[in-house]
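Chemist: Right, I'll just put the structure down here and ask away after.
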Amino acid sequence: SKLAALFEHPLYNIPIPEVTEKDKLFIVNPKEKFSLHSSGSDEWVSSSKAETLLPTGKTAYDTYPTWLKFHVGINRYELYPRRDPLLPMLLRDLATQRIVSSVQKSGGTQLKLIMTFPNYGQALFKPMKQTRDQETPIDFFYFSDFERHNAEIAAFHLDRILDFRRIPPVSGRVVNITKEIWDITTDKKLAKTFFISPAGNVCFYGECSYYCSTEHALCGKPDRLEGSMAALLPDKTLAKRRSWRSPWRRSYHKSKKAEWELNPNYCAQVRETPPYDRGHRLLDLIDMTILDFLMGNMDRHHYETFEKFGNDTFLLHLDNGRGFGTHSRDELSILAPLQQCCSIKKSTYLRLQLLATQPYRLSDLLREALAADPLAPILAEPHLRALDRRLGKVLAAVGHCLAR
């Protein structure tokens with residue numbers, strides 16, 4: 001396994017700083033045990049009551065479902081640890097746990113559903129809209145492109161291979177539209193959009209600002225539909241997140257250009273603007289830029305951080321559905337922050353150099369990681385080959401900076 005060898009490499013074993021109580025997203029009472037009562041209500045019960053429900057000798061943490069252990073493990077430095085024994089279990093839960101509720105997620109330009117499991121875990125379901133080998137047409141603007149379920153799955157694994165670990169775990173899954181959405185939804189607006197197509201397939205389209213109409217309906221075969229299931233982050237009422245507008249945001253206009261596209265010295269003013277004027281925020285943004293360039297994602301207008309950790313924490317790389325749309329073209333403008341600022345973390349640069357060597361070739365590592373997903377193959381081969389080509393261009397951009 002090339003992947004196992006990669007994670008043994010010294011560059012993937014650089015320790016994170018010691019995690020103190022204030023560096024944890026949640027401070028957990030070690031005596032509070034999690035119990036699912038047969039009544040169907042979810043509640044934390046006091047330790048004295050829990051003793052009667054649990055085998056003796058189990059710690060309270062052992063009673064938490066996998067999704068809750070994932071939430072409890074989040075800290076200032078990482079969303080999940082490098083060697084996380086929970087990860088395979090969480091991915092398996094996302095792919096296999098029984099779905100007890102499906103409702104549409106509000107907001108956004110395209111249809112997404114929130115699925116709930118019997119253990120109160122939740123996942124964000126993005127349905128399949130395109131086949132693996134459909135490229136985004138060259139005349140499409142980036143903001144009118146479809147979101148791809150397989151891009152969400154591939155982005156999670158790529159983010160982990162780059163050792164960023166800033167994307168919540170994602171698994172592929174085949175859902176039965178009738179039994180796992182239509183029959184159990186309590187969302188009246190969503191329920192009104194189901195129909196049987198002339199071909200006898202079950203379809204629905206939901207309500208959203210784009211692509212929610214009978215012409216863009218999602219149809220099963222006859223009621224089976226594949227999609228991506230992403231583990232949800234803790235509810236914002238429990239762990240507030242702050243949304244930041246990216247300084248290199250595109251104009252989202254058919255003819256206007258953004259300031260960074262017109263001003264070659266744009267980075268100088270970004271460096272003087274909080275929060276980019278201190279700490280490692282700008283370097284973290286350049287990490288995200290490299291991830292986006294490798295997958296061809298032009299749609300990074302915002303990013304989020306956990307409010308509790310202030311400016312000294314990682315960026316969450318959420319919403320990656322517009323990646324992996326084209327393999328035949330490389331959008332070099334995505335690399336603007338790297339090219340204009342000529343800055344990169346040393347650890348990121350060393351890992352990128354490692355991933356360009358034969359024993360740790362990036363395409364081979366991602367192919368191996370994606371082979372374990374229930375919907376494999378996730379990416380068509382040309383997309384995997386494009387990764388190696390794009391990695392070469394990232395390293396070349398750093399080389400130009402070093403030369404300057």
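Including glycine, each Cβ sits where the backbone N, Cα and C put it.
Nobody curates TrEMBL annotations by hand; they come from automatic prediction.
Quick paste from TrEMBL:
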{"type": "BINDING", "residues": "Gln110, Lys126, Glu147, Ala230, Ala231, Leu232, Leu233, Glu304, Asp319", "note": "ATP binding site"}
{"type": "BINDING", "residues": "Glu147, Asp319", "note": "Mn(2+) binding site"}
{"type": "DOMAIN", "residues": "194-403", "note": "domain 'FAM20 C-terminal'"}
{"type": "ACT_SITE", "residues": "Asp299", "note": "active site"}
Chemist: Most Cβ neighbours within 10 Å: which of the binding-site residues Ala231, Leu233 is it?
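Modeler: Of the binding-site residues Ala231, Leu233, the most buried by Cβ count within 10 Å is Ala231.
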Chemist: Restricting to the domain 'FAM20 C-terminal' (194-403), report the mean pLDDT as a whole number.
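Modeler: For the domain 'FAM20 C-terminal' (194-403), the model's average pLDDT rounds to 95.
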Chemist: Take the C-alpha atoms of Asp319 (ATP binding site) and Asp299 (active site) and report the distance between them in angstrom, rounded.
Modeler: 9
Chemist: Return only the integer: C-alpha distance in Å from Leu233 (ATP binding site) to Asp299 (active site).
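Modeler: That comes out at 21 Å between the alpha carbons.
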Chemist: Indicate the candidate from Glu147, Asp299, Asp319 with the smallest number of other Cβ atoms within 10 Å of its Cβ, considering only these recorded positions.
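Modeler: Output over recorded positions Glu147, Asp299, Asp319: least Cβ neighbours within 10 Å is Asp299.
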Chemist: Taking Cα atoms as reference points, which of the binding-site residues Gln110, Glu147, Ala231 is nearest to the residue listed as 'active site'?
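Modeler: Checking each of Gln110, Glu147, Ala231 against the residue listed as 'active site', the shortest Cα distance is to Glu147.
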Chemist: Across all the protein chains here, work out how many other Cβ atoms are within 10 Å of the Cβ of Gln110 (ATP binding site).
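Modeler: By my count, 18.
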Chemist: Where the record says Gln110, Lys126, Glu147, Ala230, Ala231, Leu232, Leu233, Glu304, Asp319 bind ATP, what is the longest distance in Å from one Cα to another among those residues?
Modeler: 20
